[in-house]
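So that you can see what the record holds, here are the features copied from Swiss-Prot:
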- 260, 307, 357, 358: S-adenosyl-L-methionine binding site (BINDING)
- 488, 491, 513, 515: Zn(2+) binding site (BINDING)
- 585: SUMO2 cross-link (CROSSLNK)
- 227-688: domain 'Trm1 methyltransferase' (DOMAIN)
- 135-139: motif 'Nucleolar localization signal' (MOTIF)
């Protein structure tokens, strides 16, 4: 059967030899030792003598090449990888072709192949497979490359061990050499895939889509159009796969819209204090955030958008022209920027676009407002941000490394933030306090203190906005607010550790619960260090709400209202939202800030160092007297502490019950079912138990059920007061 297959195959090969008489130039050898791809014509034009060894049986059954793949002009111009061949003999010829000896490759037969010198495998590096005799090389190619190949339209995609994957620069710009083992090269899209099963599925997906070599090359040569998205009356061009950071240089996440709106309201509120403001978007990507600042705030801000990637800088400049904003490069207006605007169009402002490392830029220039939004953690840029930030300026930090902050990768949190955390019911506020603590330590190293304006932790990011207070006194006061937290793993009660350097004999006494006395073993752990002071500034949040109403940002108003309720720790029914009545004079923790239009940056700086020190001193005194008015730290999840067999009251009613009991209470944006209150966990559970109803009535009348439930509630409340461990509610975390 093999001889018959060989006889049927030889006429076909002779026809191919007669047709493909094309002279192929000798390719230059790669300096790295990696063989260059061999043209189709060079391999197909070699004659196959009758004495040559018969190919594998699978080759005789290989189907003919499809017309779309054989007659495509794009394939004639392009070169496929050397691991993609028609026959096993073509792989053997590559040992001579890669050495540049095309004459010997064209006249290759079994005699001179066996009598040849030692040859190396064309698909393996020299350190993996050394040069050997022809019979060993033939056996190596057949067993380790040809038998595990993937067939597609008459071609065999053999396994390759060469370092074919291109290296990519990292964030700093250094080349990263990634180790790569055996892999396949797709004949259609030239992708590199490591496993054979994955390669089969990859080719199958191409076939299901009807893609061939010619159609894929034609589609890839056409430049994909850029999509234009609109957000807050700002148009931005985005690249294909803009929402996948691994597949694009300019990442744009539509889910971060709330983050961008919060930062815009922050800058708008700061612009009422003094103008113009020097603003920096350190990681521009598409430039959407800086474009919103310049387009809506106008001459009140001087925006600088920075990015290290050259493609992102080009995209930012295109988006500036798309929004009728002139681009400034190196303090000079970009050439040909006037030609972009048509007659009658108005220039809405200027934006400076820079291409440098964010740390270098923040060391070179001083700013009033800095926003950091790197891909991942932001701890590598905090020292540079506080180095040249102006007094009473604002630094906003967006952290997207939620796997470490939300206690999914605790070792990463210990490495980046130097703190110990576990997964708790209040893990989102714990993440916000971790970031604030890192920001406070970075500011203290630069002899600066901070005042937290607000902190937001949602599903995709953690946003922290702080005001900078210059001076060692403010730095010392800020450093004192970084403390450790004692957390009970049974009932999840928590309390910040007392100040002092003396070692306490029994730290369990600080916890309000008695789980250590009623439960075996060690019940509490130490978390932190964390920020222990307030996370919100009510006055600044009200000004942000006013700016959101002024600019018509309806999507963010609900969140800002929730932050205001949370900062004052009051139910929503006891608070009314209204615009500030006197915008010329507002107080924030003892600091009176003028917000008239006449205030400029020069007048603000000219007030002198002594005057600013007096303002900071008054701020410290006011903060000491207002410690009791701060919102209570952390919150309780009402579902986490529910009683089995009991129906909980509605959340709004439960807030009223806690308020009637004399406790401060409010909802929290960290958890939709969370309750922020200064009530201890034992009182929280007793009130929750008091107003819960049994789930099963048993067919009794309503009056009997009500009296029985009241007796049951009374007994359970007495039991909860006497036994603080409360076996029904205590669960191991």
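Just so you know, glycine gets a Cβ as well, placed from its N, Cα and C.
What you see is a predicted model, and the numbers here were worked out from it, not measured in a lab.
Helix, strand and coil counts under DSSP for the motif 'Nucleolar localization signal' (135-139) come to 5 helix, 0 strand, 0 coil. According to DSSP, residue 488 (Zn(2+) binding site) sits within a strand segment. When the Cα atoms are compared, residue 357 (S-adenosyl-L-methionine binding site) and residue 488 (Zn(2+) binding site) turn out to be 44 Å apart. Each residue in the domain 'Trm1 methyltransferase' (227-688) has a pLDDT score, and their mean in this model is 83. Of all the binding-site residues listed here (260, 307, 358), 260 has the Cα closest to the Cα of residue 491 (Zn(2+) binding site). The closest partner of residue 515 (Zn(2+) binding site) among the binding-site residues, by CA position, is 260; the full candidate set was 260, 307, 358. Between the two most distant C-alpha atoms of the annotated S-adenosyl-L-methionine binders (260, 307, 357, 358) there are 22 Å. The number of other CB atoms found within 10 A of the CB of residue 357 (S-adenosyl-L-methionine binding site), across every protein chain shown, is 16. Long-range Cβ proximity for residue 488 (Zn(2+) binding site), meaning a same-chain Cβ under 8 A and a gap of 6 or more residues, is found for 494, 511, 513, 515, 516, 523, 524. Annotation for residue 260 (S-adenosyl-L-methionine binding site): spatial neighbours 231, 232, 288, 289, 292, criterion Cβ-Cβ under 8 Å with sequence separation of six or more.
The DSSP secondary structure for residue 358 (S-adenosyl-L-methionine binding site) is helix. The local packing around residue 358 (S-adenosyl-L-methionine binding site), expressed as other Cβ atoms within 10 Å of its Cβ over all shown chains, amounts to 24.
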